[in-house]
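J.: Encoded as structure tokens, here's the structure I'll be asking about.
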Amino acid sequence: MSISSKFQLRSSTSLLLLVALMVVMGMDGAAAAPNTNFVSSACNTQKIPSGNPFFTNLRAMLADLKQNTAFSGFDYKTSRAGSGGAPTAYGRAICKSSISQSDCSACLSNLVGRIWGICSNAIGARVQLTDCFIQYEQHSF
């Protein structure tokens, strides 16, 4: 085997390893977690009384936002009709268009889990994380 053949073989092997490394790094970047850093919030000062049936509507509406926003163009509005005289819960969720569907869902799951700590029992709230946003109210918007 000549020196030039050995060089071409090493060069081809190096190129192949470089391409494989780039693919692996690219795949890792695609699987990165969404940015869930807190950005801002606006919480209604009125609180939902403990045991109020509005909580049931609100929880169902937030679950709907979490489940469907990523598959509805990253901007989804919904409502949950009041049962037993409870007010209807209205909501909207938005994810940055630059993130993946799975990152959108993950960001909203994170936000739904944190929203009560940010806007404790508020009848309306707007909370923004870096990659996603949720608004909910007792009135249509």
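Just so you know, glycine gets a Cβ as well, placed from its N, Cα and C.
What you are looking at is a predicted structure, and each value in this text was computed from that prediction instead of being measured.
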J.: What does Swiss-Prot list, out of Asn35, Asn37, Asn44, as binding the same alpha-D-mannopyranose as Arg126, Glu137?
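T.: Of the residues offered, the record points to Asn44.
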J.: So, in DSSP terms, is Cys107 (disulfide bond) helix, strand, or coil?
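T.: In the DSSP reduction, Cys107 (disulfide bond) maps to helix.
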J.: I need the nearest neighbour of Cys43 (disulfide bond) among the recorded positions Cys95, Cys104, Arg126, Cys132, using C-alpha distances.
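T.: Closest by Cα distance to Cys43 (disulfide bond) among the recorded positions Cys95, Cys104, Arg126, Cys132: Arg126.
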J.: Taking the center of the Cβ atoms of Asn44, Arg126, Glu137 at the recorded alpha-D-mannopyranose site, which other residues in this chain have a Cβ no more than 8 Å from that point?
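T.: Surrounding the site, in chain order, are Ala42, Cys43, Cys119, Ala122, Ile123, Gly124, Ala125, Gln135, Tyr136.
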J.: Using Cα coordinates, what distance in whole Å links Cys104 (disulfide bond) and Arg126 (alpha-D-mannopyranose binding site)?
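T.: So the Cα of Arg126 (alpha-D-mannopyranose binding site) lies 17 Å away from that of Cys104 (disulfide bond).
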J.: Give the residue counts of the domain 'Gnk2-homologous' (36-141) per reduced DSSP state, in the order helix, strand, coil.
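T.: Counting residues by DSSP class gives 36 helix, 32 strand, 38 coil.
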